[in-house]
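Undergrad: Pasting the relevant annotations from TrEMBL:
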BINDING   His165  Mn(2+) 1 binding site
BINDING   His293, His295, Glu300  Mn(2+) 2 binding site
DOMAIN    96-220  domain 'Cupin type-1'
DOMAIN    248-365  domain 'Cupin type-1'
SIGNAL    1-19  signal peptide
Amino acid sequence: MVKLATSHILLAIAACVYGVPAPTGTSTSSAAQGSPTVPYASGNPNYPLWNDTIGYTPEPIRGKLGANILGSHNVPIAKENPDLLAPPTTDNDNVHNLLKTGGWARQQNVNEMPIAKEIAGVNMKLWSYVLKGSMQVTAVNSDGQNYLATINAGDLWYFLPGVPHSLQATADDPEGAEFLLVFDNSTFNEGSTFLLADWLAHVSKEVVAKNFQMPISAFDHIPEHELYIFPSNPPPDNRQAVPDPYTYRLSRVQPKQLEGGTVKIVDSTTFKVSKMIAVAEVTVEPGAMRELHWHPNEPEWTFFLEGNARVTLFAAEANARTFDYQAGDIGSEVSTEVANPRQGVTWVFLPRQRQDLALLSSKASSTIFCMTKTIGGRICTYSTRQLWFRSCRAK
């Protein structure tokens with residue numbers, strides 16, 4: 001097949017249009033003027049915003065969209081991938097870094113990391129762990145009970161599927177807030193979130209008015225399209241009426257001191273509403289390591305908050321891999337059936353709690369275990385059930 005250049009194709013189309021004579025008895029001057037049926041595409045250029053020779057820290061900002069990163073920042077990778085961190089406005093749908101007028105969001109699910117088959121994560125500025133700033137969380141359950149609370153860096157929130165909620169950065173930090181969302185579904189896509197503004201934009205106003213028994217004029221300012229992250233006024237004070245809070249003050253929990261670091265653990269025994277996800281916030285001292293261990297019944301998903309770490313994953317049959325992590329990276333360790341659990345030590349707190357086996361003084365075969373050695377840092381480890389963390393061994 002012979003391919004025409006773009007200019008040739010346009011000329012060919014023009015020749016076809018202008019080469020056809022007007023029908024007899026008609027005049028081209030009487031034809032109605034054409035008008036656009038949809039807005040024209042933006043004429044703003046979408047050039048890359050930087051290159052790898054810049055002397056400043058790149059941020060996920062393009063024009064009025066996006067905001068700076070408050071948490072961990074991998075500057076070398078950001079310099080190499082300007083259109084990944086600050087994508088062109090023409091990018092759409094399931095993009096890695098989503099920029100909006102009030103902030104940004106980036107996600108990891110099974111498409112980016114196929115080994116993580118049960119847990120996905122979303123890092124968002126504006127189940128979550130607050131990285132920086134403070135957030136006001138609002139929710140209403142199926143009984144019509146309302147919940148409103150403000151949480152700070154290091155705190156948690158959790159919502160069961162179907163619980164409508166909103167998240168808003170407070171005015172406590174002028175830079176806003178940033179948080180990490182974790183989902184017990186590896187195929188989760190942040191772009192498919194059910195949004196109230198999106199729903200009401202697709203319902204006739206007379207129907208909305210009848211539903212709320214109010215005049216149609218009360219809904220004159222419903223947005224035409226969904227609002228995902230957008231500017232607003234600072235939120236009011238806290239209110240709550242639900243039996244089990246949707247937030248947990250992890251930042252106020254005293255960490256357990258271990259030989260080579262500290263750990264905080266949260267599961268459904270302490271955060272009662274969090275039925276499917278547990279978390280361990282771990283600080284490992286420079287040169288210390290997490291003991292050799294494996295996961296017999298549930299996977300593990302890790303987000304590195306600070307510092308650097310060296311992790312080795314062994315999957316039996318001489319399959320092993322070592323990776324160097326830094327702040328902002330994620331990792332996933334799968335579960336496995338253990339041939340002889342008695343060869344290790346098991347800590348079980350509830351029938352559905354997470355089991356964690358440690359390799360202390362014996363060997364185990366047909367297992368998967370993970371060794372973490374850090375240069376100093378902090379990580380959050382999530383499980384789809386409850387979790388127990390044994391120790392950090394000093395150098």
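A Cβ is built for glycine as well, from the same backbone N, Cα and C atoms used for every other residue.
It should be emphasised that the depicted structure is a prediction, and the values quoted were computed from it without experimental measurement.
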Undergrad: Would you mind listing, in sequence order, the residues at least six apart from the residue listed as 'Mn(2+) 1 binding site' in the same chain with a Cβ closer than 8 Å to its Cβ?
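TA: Looking at Cβ-Cβ distances below 8 Å from the residue listed as 'Mn(2+) 1 binding site', excluding near sequence neighbours, one finds Val137, Thr138, Ala139, Val140, Phe159, Tyr246.
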Undergrad: Within 10 Å of the Cβ of Glu300 (Mn(2+) 2 binding site), how many other Cβ atoms are there?
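TA: Other Cβ atoms within 10 Å of Glu300 (Mn(2+) 2 binding site): 24.
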Undergrad: If you average per-residue pLDDT over the domain 'Cupin type-1' (96-220), what number do you get?
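TA: Mean pLDDT for the domain 'Cupin type-1' (96-220): 74.
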